[in-house]
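Following: one structure in C-alpha cells, then a few remarks.
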C-alpha cells in the first residue's frame with residue numbers, strides 16, 4: 001500500500017453497544033461459574049482465592065477492550081513499536097515492527113555485541129485501512145545469515161532502543177513454548193509471565209492471537225503486550241477464527257493478520273500466509289490453515305502433499321503439525337468443526353507419520369493418545385488441544401461423557417505447554433495450569449518419535465504412494 005508522508009492513525013471506532021453487552025454477559029457468566037466452586041474440567045476445583053479475584057480480573061479484561069484504553073505512547077513517533085521476530089528460512093530471521101512516522105526506513109542494524117552493529121538489512125513495509133482505522137507503517141525486515149544458538153543485539157528503523165534475541169540451536173535439545181487462543185486479559189498476562197519463566201527457544205501459537213475482532217486498535221495493544229517475549233524469541237503462529245475479520249462485500253478476511261504477522265510462507269513454497277512450514281534443529285513443523293480451503297482440490301492440500309513428500313526424517317526426525325480447529329475433541333465446545341478438514345488431510349499426515357498435531361480453538365486443555373480415523377493407533381499422531389492461553393471468552397467447562405478411549409487427560413483451565421525435544425527419539429511434553437500466580441505442572445508425558453519406530457518401515461511403501469500420487 002502506498003505510504004503517505006506524515007500520516008497518523010485515526011482514532012479507533014467506538015465499540016458497538018451490542019458487542020459490549022455480550023462481553024459483559026460473558027464476563028459475568030464466567031465469574032459466576034468460578035465463584036460457585038463447581039469443578040473445573042473433570043476433577044480440578046479452582047481455589048476460592050481465584051474466585052474472589054474473578055471480578056477484578058474480568059474488569060481489567062473488559063477495560064482493555066474500550067477505545068479509550070490506549071497503549072502507552074512511544075517517546076517518539078519514529079520509535080519502533082510492537083516488535084516481534086519469526087523464522088524466515090534457514091539461518092534467517094524476520095524482524096517486524098510498527099512506526100507512527102511513515103518516514104522511518106525499513107532497516108534493522110544488528111550484531112553480536114551490545115551497541116555494536118556490524119550488519120544492516122533493508123526490508124519492506126505495508127499499511128492498511130479498516131473502516132475508520134488506519135494502521136501505522138508496518139515494517140518487515142529479514143536479517144541474516146545468522147549463527148545458531150547465538151545472542152544478537154538489534155535496533156529497528158536506524159535508531160531507538162536496543163533489542164536482543166537468541167537464535168534457536170541447530171541440534172537437539174530444543175525447547176518450545178506452546179500456547180493458543182491468547183487474547184489480552186489478566187489471565188493472558190499470567191500465561192505470558194509463566195512462559196517467560198521457562199527457558200524456551202521458540203514459541204508456537206496455533207491461532208487466535210489478539211481477539212481484536214474488528215476493533216483494530218486491539219492489534220496494536222496486543223503487539224505491545226507480547227513485545228517483551230516476541231522480540232527475544234521467534235514466534236511462529238497460524239491463524240484462527242478470530243483473525244478472519246471479514247466484512248462481506250467490503251473487507252476480505254485476514255487483512256490485519258497478514259499485514260502484521262508475516263510468516264515464512266514464501267520460503268516454504270506456499271502461496272498463502274495462512275499455511276506454511278519451517279525447520280528448526282531436527283524438527284519439521286507445518287502450520288495449517290483451518291479457515292482457508294483444504295479439500296483435495298485446494299491449493300493448501302496440494303502444497304501440504306508436496307511439503308510432506310520432501311520431509312527427510314533423517315534430517316528432521318520430528319514432524320509436528322499445528323492448526324486451529326481440533327480434530328479430536330471431547331469437549332462440547334466446537335464439536336465437529338474440524339471434521340471436514342480431518343477427513344481430507346488426516347490420511348496425508350498418517351502417511352507421513354506425523355508425530356504430533358497441536359490445536360487451539362476449544363478453551364480448555366486435552367491430550368489424546370496416538371490416534372487415527374477415530375481409534376487408537378500406535379502409528380497415528382498424538383493430538384493436543386491447548387486453546388487456553390487466557391482469552392476473554394472464558395473457559396469451555398463441559399466435556400462429553402463417557403470419555404473417549406483416546407482421551408488421556410482433559411481439564412478446563414488456562415495455561416501453556418512446553419515441548420522439550422531431547423533427541424531424535426524422545427520428547428518431554430508438559431502442560432502448566434495457571435493457578436493464581438504460579439504455573440502448576442499438571443500433565444506430564446514422554447513422547448517417542450515415529451521416526452525410530454516400526455511404523456515407517458512397515459508402511460513406508462504403501463503410504464508413500466499416497467504422498468507421491470498426482
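The backbone N, Cα and C atoms fix where each Cβ goes, and this holds for glycine too.
TrEMBL has this to say about the protein:
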DOMAIN    80-167  domain 'Purple acid phosphatase N-terminal'
DOMAIN    176-365  domain 'Calcineurin-like phosphoesterase'
DOMAIN    381-437  domain 'Purple acid phosphatase C-terminal'
SIGNAL    1-34  signal peptide
Counts of helix, strand and coil residues, the domain 'Purple acid phosphatase C-terminal' (381-437), according to DSSP: 0 helix, 29 strand, 28 coil
Confidence summary (mean pLDDT) of the domain 'Purple acid phosphatase N-terminal' (80-167): 97
Structural state census, the domain 'Purple acid phosphatase N-terminal' (80-167) (DSSP three-state): 0 helix, 49 strand, 39 coil
